[in-house]
Amino acid sequence: MIFPIFFTFFLLLSSSHASVQDFCVADYKAPDGPAGYSCKKPAKVTVNDFVYSGLGIAGNTTNIIKAAVTPAFAAQFPGVNGLGISLARLDLGPGGVIPFHTHPGASEVLLVVQGIIIAGFVASDNTPYLRTLKKGDIMVFPQGLLHFQVNGGGTPALAFPSFSSPSPGLQILDFALFKNDLATELIAQTTFLDAAQIKKLKGVLGGTN
């Protein structure tokens, strides 16, 4: 009976002296791995590593989707590396859309600060959840689920999505199907889309074959 008590006390005493790391600022000179960037040596960390000013500038929405996403992920903002958080800026011009996409590594919370955004996601049982969001509204998109955002008004819209990972990842459904060299015949067989429409979409998005 004495030994288990002594062993437990020893573990508690050891853990109280364990090394605690406050942060892991990304070291861009070291390789990036599945667990994120290596940590910069504390002696080389400055306050600049914890401040990012890139989200104050509007993104360029003169593109096919009339939208722009400016990320503040670990690759751009070294201070969030290892903290399980990140942020981005979403600009949607009139008629702008962020097509169906997924973040394999994170859940997302979207805060609308200007305009009207129609947003939604599809659950794994194929149930859609969508809402028209206005200034001050927030909506959560669970990790890995397909979701979208569409400008629901005639003026530019602005939102700030936050993520539960410093590197949430991104896969856009339309790009996965039509912006590569996946054979048109295979896409037609697996999506039931017409081959002519598939080739048209490949032409618009830059796919081949």
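For all residues, glycine too, the Cβ spot is worked out from N, Cα and C.
Given the structure is predicted, the values throughout are model-derived calculations rather than measurements.
What TrEMBL records for this protein:
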type     : residues                       : note
BINDING  : His101, His103, Glu108, His147 : Mn(2+) binding site
BINDING  : His103, Glu108                 : oxalate binding site
DISULFID : Cys24-Cys39                    : disulfide bond
DOMAIN   : 53-199                         : domain 'Cupin type-1'
SIGNAL   : 1-18                           : signal peptide
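Taking the centre of the Cβ atoms of His101, His103, Glu108, His147 as the Mn(2+) site, the nearby residues of that chain (Cβ within 8 Å, site residues left out) are Thr102, Phe121, Phe141, Leu145, Leu146, Pro161, Pro168, Leu170. Helix, strand and coil counts from DSSP across the domain 'Cupin type-1' (53-199) read 25 helix, 56 strand, 66 coil. Taking the C-alpha positions, the distance from His147 (Mn(2+) binding site) to Cys24 (disulfide bond) comes to 31 Å.
Taking Cβ-Cβ distances under 8 Å and a sequence gap of 6 or more within the same chain, the neighbours of His103 (Mn(2+) binding site) are Phe141, Gln143, Gly144, Phe163, Ser165, Pro168, Gly169, Leu170. When the binding-site residues His101, His147 are scored by other C-beta atoms within 10 Å, His147 scores highest. Rounded to a whole number, the distance between the Cα atoms of Cys24 (disulfide bond) and Glu108 (Mn(2+) binding site) is 22 Å. Here the disulfide-bonded residues are Cys24, Cys39, and the one ringed by the most other CB atoms within 10 angstroms is Cys24. Between the CA atoms of His101 (Mn(2+) binding site) and Cys24 (disulfide bond) there is a gap of 29 Å, rounded to the nearest whole number.
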